[in-house]
Amino acid sequence: MSSGAPQKSSQMASGAEETPGFLDMLLQDFPAPLNPEDPLPWKAPGMMLSQEEVEGELAELAMGFLGSRKAPPPLAAALTHEAVSQLLQTDLSEFRKLPREEEEEEEEDDDEEEKAPVTLLDAQSLARSFFNRLWEVAGRWQKQVPLAARASQRQWLVSIHAIRNTRRKMEDRHVSLPSFNQLFGLSDPVDRAYFAVFDGHGGVDAARYAAVHVHTNAARQPELPTDPAGALREAFRRTDQMFLRKAKRERLQSGTTGVCALIAGVTLHVAWLGDSQVILVQQGQVVKLMEPHRPERQKARIEALGVNGTLAVSRAIVEPKRPDQVRGRSLRSPGLGSCGPAAHQGFREAV
């Protein structure tokens, strides 16, 4: 993935002009809320969700749905934020789904420290209710679009290329989120854009999970305005803990490396786990930003964990961790607007 300098006001204005027309077309296609027997316009994220997963998963549903219909990014993000916020303020107990008996037995047999039971919600019913909430917000905004949904923002030139190679399925995921502030209702004067690549292995579950939840967790860190790099590190840790719980519930075996770039104003913040990389290209010159985690560079740490033989990945989500494993860095540059971050594991040996 690569991104370049933000564009000027002519492109910013076009999104505001497209907003009313998009809402009109959306409500023409969906003139009424969904009934219980109506098919969902999107695929529910699995069978069950924990409450800590709801915000990220529903935001992913709405952004994917609105993006597929060519919604202006600021409008898609603001609509999603409003619908998610409203749903989270309601009582979600009606969606509660009791775990299966075998899952309860596994929890009883667990030797780990006693923890509070996880509340699981029916993903299908929750996704249906959320669409109707989104439909209601669109109906209100058709009459009067809030300023946040019409506000101009920097327009980034983003290009994305992914190759499956010899794998049976694509196991990698990427995130391009120029409308970071609108998606999470951040109203401070700092403009933010977020980009990430997650290189999955052993399946796509971990990479997809990280692509949905890392930026959501980062946005909810209180230190984001003052210490964005620290917020990203904590977001990786939080996402890892969440996925470990999900992997245990659903017997998932995959893992992922990851790298993300958060541009806040004129400062580029980078966090990474594993050997995925960010490359900064400024005026045609490559600026080295990071040292990726590779097995050959961390031989002592790996052997101390009791690992013998070959190991392709030294750090990843779902790997047994140490607290210092997620790395972060911030780079402030007056010329940031004329350069762009590029993130892809495939670049690591070529540059």
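Any Cβ shown, glycine's included, is placed from N, Cα and C.
A quick note: this is a predicted structure, and the numbers were derived from the prediction, not measured.
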When TrEMBL is consulted, the range among 283-302, 323-342 described as region 'Disordered' turns out to be 323-342
Mean pLDDT for the domain 'PPM-type phosphatase' (157-351), as a whole number? 76
